[in-house]
């Protein structure tokens with residue numbers, strides 16, 4: 001390998017390692033988490049020729065959260081089928097879960113007004129209202 005090729009390859013590798021487009025992970029954010037939630041509502045539909053589903057969940061204290069997933073939309077769209085199957089299972093069984101969501105993703109006004117702007121980004125099982133498996137999204141103090 002010539003010196004020129006070496007520096008070209010090293011430069012390319014250096015640029016790739018500095019790329020800010022890192023993997024999106026459910027545990028990255030510091031907000032958007034409700035624990036000990038029972039999914040009480042389930043809705044499916046289609047928008048812009050893409051299927052979507054939405055859930056609403058309630059905590060025992062009465063707080064509620066809604067979130068939606070849309071196939072092949074947003075960075076979380078690739079998880080649509082997995083999230084759909086898990087959400088439907090948890091809705092059917094009534095098992096308490098932790099709902100991870102990203103606020104403000106959906107922006108179409110009629111959709112947001114009727115459902116939510118929150119994107120569903122993950123689900124975890126819970127053994128109590130506060131003890132759940134998976135990342136714990138705590139806001140920075």
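Cβ atoms are placed via backbone N, Cα and C, with glycine included.
Within the listed segments 77-82, 83-88, 89-94, Swiss-Prot records region 'Hydrophobic patch important for binding to SubA' for the stretch 89-94. Beyond its flanks by at least six residues, the region 'Hydrophobic patch important for binding to SubA' (89-94) meets 38-40, 42, 55, 123 of its own chain at Cβ-Cβ distances under 8 Å. When the record's N-glycoloyl-alpha-neuraminate-binding residues 33, 34, 35, 59, 101 are compared pairwise by CA position, the greatest distance found is 15 Å.
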